[in-house]
């Protein structure tokens, strides 16, 4: 059975950058964001239930889910948010477990932004946190997504704190520096962790 390394970090931490460095080494990924999009794909049963609940205004002209419109709709409405989470989380969790079970590589990177918040840590053998300061989160996210600071702050407030996330970490990659300056260091750190995880996987399956 594949050894599972959970990769997590707050908004703007650079999880995708780190995940890509692992894939460059041939490590397979199971990405929660990809799974979350798959379960509400166009014409899917779950998307039909969401439209039934919220109305067709949460769809794009192509009939796909408008994630920004849905996010805005539920963010300040706790009942709607609870309804949506109760619908989606079990389906996403089952799909992720299925994908993890299908992996045959020595270890798999399980990329989940809300790994701790959604209580998915039990699916992991080890947890890797990409750590940045709250100031870096705000600066990066506002540049990347053209979100205003208030929206980003709301998202950050809905996630666990930096301190809480670090309590769960078995391994930490600090990603505060600019990528252009920091890339060689990140590549070296990922290579070291890759070799360590291969050894851990071998020990688990011995």
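The count begins at 1 with the first shown residue.
Cβ coordinates come from backbone N, Cα and C, glycine included.
Other Cβ atoms within 10 Å of the Cβ of residue 16 (ATP binding site) number 14 in total over all chains. Residues or ranges marked as ATP binding site in Swiss-Prot: 12, 13, 14, 15, 16, 17.
Taken from Swiss-Prot, the feature domain 'DPCK' covers 4-204, and the record attributes it to sequence analysis.
The Cβ of residue 12 (ATP binding site) has 132, 136, 137, 138, 139, 140, 141, 144, 152 as same-chain neighbours under 8 Å, each 6 or more residues away in sequence. Highest local Cβ density among the binding-site residues 13, 17 belongs to 13, counted as other Cβ atoms within 10 Å over all protein chains shown. Remark: residue 15 (ATP binding site) has 7, 8, 9, 111, 113, 130 as non-local neighbours, by Cβ distance under 8 Å and separation of at least 6 in sequence. Residues 12, 13, 14, 15, 16, 17 make up the record's ATP site, and a Cβ search at 8 Å around their centroid adds 9, 18, 130, 132, 140, 175 from the same chain.
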